[in-house]
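Feature annotations, courtesy of TrEMBL:
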type	residues	note
DOMAIN	4-157	domain '2-C-methyl-D-erythritol 2,4-cyclodiphosphate synthase'
BINDING	Asp11, His13, His45	divalent metal cation binding site
BINDING	Asp11, Ile12, His13, His37, Ser38, Asp59, Ile60, Gly61, Thr135, Thr136, Asn137, Glu138, Arg145	4-CDP-2-C-methyl-D-erythritol 2-phosphate binding site
SITE	His37	site 'Transition state stabilizer'
SITE	Thr136	site 'Transition state stabilizer'
Amino acid sequence: MTKLRIGNGYDIHRLVSDRPLILGGVQIPHELGLLGHSDADVLTHAIMDAMLGALSLGDIGHYFPPSDPQWAGADSLVLLTKVHQLIQDQGWQVGNIDSVVVAERPKLKPHIHKMRDKLATVLALQPNQIGIKATTNEKLGPEGREEGICAYAVVLLLEA
Ligand SMILES: Nc1ccn([C@@H]2O[C@H](COP(=O)(O)O)[C@@H](O)[C@H]2O)c(=O)n1
Ligand SMILES: C[C@@]1(CO)OP(=O)(O)OP(=O)(O)OC[C@H]1O
């Protein structure tokens with residue numbers, strides 16, 4: 001019987017005026033962007049943490065410390081490539097991913113197909129193995145006040 005592992009991930013970054021908004025590797029036109037040591041792509045970060053969590057391999061901060069200048073401005077898709085390699089080296093592959101991005105603005109729906117395509121390319125998956133949903137926070141809390149954007153992800157790994 002195929003062995004399965006499941007992991008979940010979460011990340012949040014602050015919205016500021018002088019940064020690009022990058023989610024799932026896609027730059028989205030908006031007057032605010034996410035602040036971070038890397039490109040602050042919360043969706044990709046949540047997915048990586050879910051992949052690592054499924055194998056009890058720790059979290060992204062362990063592999064790419066925010067204190068390390070090597071990761072300053074890093075493209076999170078490059079980090080995802082490394083995490084993907086790590087799970088492959090351990091004998092696992094991604095079965096499917098599901099995720100939610102919580103953002104009051106902008107509307108993400110027009111960009112979701114491109115995010116799925118980008119992530120699928122990096123992970124050698126079909127886009128239909130990657131679920132990305134968007135929701136507002138109904139103006140409640142930090143996401144609702146547009147102070148930040150967060151993302152949640154669940155990943156199922158299959159023994160390769
Ligand atoms: N940043 C967002 C937020 C939401 N959407 C889409 O709108 C639908 C309704 O959102 P509610 O938070 O009002 O339930 C949601 O299901 C998404 O399809 C979006 O594209 N971008
Ligand atoms: C991605 C990393 C890379 O240094 O930094 P940040 O972009 O600040 O993101 P965060 O989720 O706060 O921490 C994880 C780090 O690994």
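Note that the numbers count up from 1, one per residue, in the order the chain is shown.
Cβ from N, Cα, C; glycine included.
Overlay of TrEMBL annotations on the structure.
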{"residue": "Asp11", "record": "divalent metal cation binding site", "CB count, 10 Å": "25"}
{"residue": "His13", "record": "divalent metal cation binding site", "CB count, 10 Å": "22"}
{"residue": "His37", "record": "site 'Transition state stabilizer'", "CB count, 10 Å": "17"}
{"residue": "Ser38", "record": "4-CDP-2-C-methyl-D-erythritol 2-phosphate binding site", "CB count, 10 Å": "21"}
{"residue": "His45", "record": "divalent metal cation binding site", "CB count, 10 Å": "29"}
{"residue": "Ile60", "record": "4-CDP-2-C-methyl-D-erythritol 2-phosphate binding site", "CB count, 10 Å": "25"}
{"residue": "Thr135", "record": "4-CDP-2-C-methyl-D-erythritol 2-phosphate binding site", "CB count, 10 Å": "12"}
{"residue": "Thr136", "record": "site 'Transition state stabilizer'", "CB count, 10 Å": "15"}
{"residue": "Asn137", "record": "4-CDP-2-C-methyl-D-erythritol 2-phosphate binding site", "CB count, 10 Å": "16"}
{"residue": "Arg145", "record": "4-CDP-2-C-methyl-D-erythritol 2-phosphate binding site", "CB count, 10 Å": "12"}
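Checked against ligand 1, the recorded positions Ser38, Ile60, Thr136, Asn137, Arg145 give Thr136 as the ones with a Cβ under 6 Å from it, listed in sequence order. The recorded positions near ligand 2, defined by a Cβ under 6 Å from one of its atoms, are Asp11, His37, Ser38, Ile60, chosen from Asp11, His37, Ser38, Ile60, Arg145. The record assigns Asp11, Ile12, His13, His37, Ser38, Asp59, Ile60, Gly61, Thr135, Thr136, Asn137, Glu138, Arg145 to the 4-CDP-2-C-methyl-D-erythritol 2-phosphate binding site, and the maximum Cα to Cα distance across that set is 30 Å. Confidence annotation: the domain '2-C-methyl-D-erythritol 2,4-cyclodiphosphate synthase' (4-157) carries a mean pLDDT of 98 in the model.
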